[in-house]
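Note sheet for the following structure.
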Amino acid sequence: MPERESSCVGLNEPRLVVRKFLARPQHEGVGAIVRRSIGRFELRHFDPFLVLDEFSVTAPAGFPDHPHRGFETVTYMLQGALTHEDFDGHKGTIGPGDIQWMTAGRGIVHSEMPAAQGTQKGLQLWINLSSKNKMIEPRYQEISSKDIAEATKDGIKVRVVAGEALGSKSPIYTRTPTMYLDFTLEPGAHLQQPVPESWNAFVYVLEGEGTFGRLKSSPVNAHHLLLLGSGDGLEAWNKSSKLLRFILVGGEPLCEPLVQFGPFVMNTQEEIDQTIDDFENYTNGFEKARHWRSESGLTLDF
Ligand code: FJE
Ligand code: FE
């Protein structure tokens with residue numbers, strides 16, 4: 001049999017679903033609700049991913065002043081708006097379809113609060129940074145919905161948050177190599193999406209009902225996380241009569257030791273002890289936290 005060209009549509013070894021989790025609502029922040037899939041007890045992390053939360057926030061609830069070190073947070077808004085404010089004076093509001101890709105690096109203290117009436121919904125993904133990147137200067141990449149690359153083909157629409165799909169490329173720079181694709185499949189559509197062989201990858205279903213990995217597998221509906229096994233890509237079908245929406249996320253595993261204390265993720269216990277020390281004493285990147293409070297005036301315990 002001739003080898004298929006890698007640039008062609010068609011996969012040699014589609015990834016199968018190896019684990020499935022239903023993310024149930026739980027309380028987080030101050031009065032906020034999250035459906036946590038990655039980061040919960042049964043799935044502490046999925047290298048290089050630390051947390052995946054589908055959040056739902058209605059004022060006055062939110063995520064007031066709290067720190068991060070050693071990883072990136074990616075916030076993708078689905079509905080409503082969120083205002084972000086940090087200790088360096090960086091402030092902004094993201095609305096439906098917008099992305100904030102924040103590299104916390106050595107340290108960020110910020111608040112993430114509702115900016116509109118009603119319920120704000122979205123996804124927040126925490127991506128680990130390699131030991132050589134954990135203490136870099138913080139950085140933001142903010143992309144508004146209208147600037148997100150989109151492509152449509154054969155009943156498949158993709159919004160390219162990170163990486164590349166159907167010939168469209170995201171401008172986001174991923175320090176830990178990552179792909180993040182938001183797919184909508186019309187009834188009858190069939191997707192074949194390459195994912196690098198050595199990467200870990202998962203699907204999170206947002207809307208409708210999808211068939212993943214194998215045509216004969218049972219359909220999966222919203223709020224489910226699917227961990228994918230080895231292979232060169234994802235095959236998915238919409239056998240239902242409604243739209244199917246899901247994200248496909250893949251990342252190159254770091255394969256490094258990991259020690260987490262709430263919003264601090266480092267490689268060793270010593271580095272965590274040092275981080276707590278830095279946060280309490282306003283040193284090594286947390287200097288500006290000494291006199292800063294967000295407009296909310298609240299602090300999030302962790
Ligand atoms: C945090 C508790 C938290 N999921 N999804 C402790 F709630 C948070 C936190 C978030 C968060 C924020 C948004 Cl906008 C969306 C989230 C958890 O802010 F960082 C710690 N340490
Ligand atoms: Fe945060």
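The backbone N, Cα and C atoms fix where each Cβ goes, and this holds for glycine too.
As annotated by TrEMBL, domain 'Pirin N-terminal' applies to 34-127.
DSSP assigns Glu112 (Fe cation binding site) to a strand. What TrEMBL lists as Fe cation binding site is His66, His68, His110, Glu112.
A mean pLDDT of 98 is what the model gives for the domain 'Pirin C-terminal' (180-284). Residues annotated as domain 'Pirin C-terminal' in TrEMBL: 180-284.
Cβ neighbours within 10 Å of His110 (Fe cation binding site), excluding its own Cβ and spanning all shown chains: 24. A 10 Å cutoff on Cβ-Cβ distances gives His66 (Fe cation binding site) a total of 19 other Cβ atoms nearby, all chains included. Taking the mean position of the Cβ atoms of His66, His68, His110, Glu112 as the Fe cation site, the remaining residues of that chain whose Cβ falls within 8 Å of it are Phe63, Asp65, Pro67, Thr73, His84, Asp86, Ile108, Val109, Ser111, Pro263, Leu300.
Proximity of His68 (Fe cation binding site) to non-local residues of its own chain (separation of 6 or more, Cβ distance below 8 Å) is seen for Met102, Ala104, Gly107, Ile108, Val109, His110, Pro263, Phe264, given in sequence order.
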